[in-house]
Amino acid sequence: MKILLVFDFDNTIIDDNSDTWIVQCAPDKKLPIELQDSYQKGFWTEFMGRVFKYLGDEGVRENEMKTTMTSIPFTPGMVELFNFIRKNKDKFDCIIISDSNSVFIDWVLEAANFHDIFAKVFTNPAAFDSNGHLTVENYHAHSCNRCPKNLCKNVVLVEFVEKQLQQGVNYTQIVYIGDGGNDVCPVTFLKKNDVAMPRKGYTLQKTLSRMSQNLESMESSIVVWSSGVEIISHLQFLIKE
């Protein structure tokens with residue numbers, strides 16, 4: 001019986017947002033105003049498609065993007081956390097559910113040699129086209145009105161757990177580690193034995209504390225963290241129980 005660890009990517013595994021970090025490749029490290037202003041709430045993936053097209057048109061190539069992306073620092077304690085998980089592979093399964101894209105996440109995990117930690121990565125599919133431009137698509141279509149239209153992390157999580165069950169894998173509990181507004185939906189569906197781990201000072205933590213003040217019930221326990229080292233402590237506690 002294993003524990004399922006679910007990770008967000010931006011501002012959780014890495015200590016920044018991969019989509020805004022890539023703007024360092026742009027001329028003068030900023031986007032034209034009209035491109036910045038073209039973002040519509042809930043349509044981030046479409047916006048990033050326009051950003052990647054702009055970077056490609058400006059002559060930014062794959063190797064330059066890769067160098068920029070792999071310079072993003074990991075969140076404090078994450079490297080230690082992944083090394084701890086690797087040593088305890090028999091106790092944990094890990095997945096990433098992220099609003100970033102497959103190319104960025106692959107680059108970062110590969111450069112740091114952490115690919116083997118994760119059984120699955122669920123994110124917006126991306127690829128370089130024949131012009132050398134990075135293109136990105138929505139991960140899926142869903143009907144959840146709480147989430148951006150390209151990705152409902154709760155739908156992904158539920159589907160993954162059900163598929164695993166069909167293959168005879170039953171998790172004793174789920175630990176969800178994230179930071180953002182799009183992590184609220186999956187966290188509110190966690191069960192009594194599960195653990196929500198919001199990053200201290202970020203949107204997820206603020207939203208969950210507001211919900212508890214409004215007495216909106218949450219079944220899972222909530223453990224706030226600032227460093228991956230604190231996550232290790234809690235996981236050690238869970239596997240000792």
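Indices start at 1 and increase along the chain as displayed.
Heads up, the Cβ atoms here are built off N, Cα and C, so glycines get one too.
What TrEMBL annotates here:
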| type | residues | note |
| --- | --- | --- |
| ACT_SITE | Asp8 | active site, nucleophile |
| ACT_SITE | Asp10 | active site, proton donor |
| BINDING | Asp8, Asp10, Asp179 | Mg(2+) binding site |
| BINDING | Asp19, Asp99 | substrate binding site |
(message) If you count CB neighbours within 10 Å, which one among the recorded positions Asp10, Asp19 has the smallest count?
(response) Asp19
(message) Using the Cβ center of Asp8, Asp10, Asp179 as the Mg(2+) site position, which other residues in that chain lie within 8 Å, going by their Cβ?
(response) Phe9, Asn11, Thr12, Ile13, Asn17, Ser98, Gly178, Gly180, Asp183, Arg199, Tyr202
(message) Sequence gap of 6 or more, Cβ distance under 8 Å: name the residues on the same chain that satisfy this around Asp179 (Mg(2+) binding site), in order along the sequence.
(response) Asp8, Asp10, Asn11, Thr12, Pro198, Arg199, Tyr202, Thr203, Leu204, Gln205
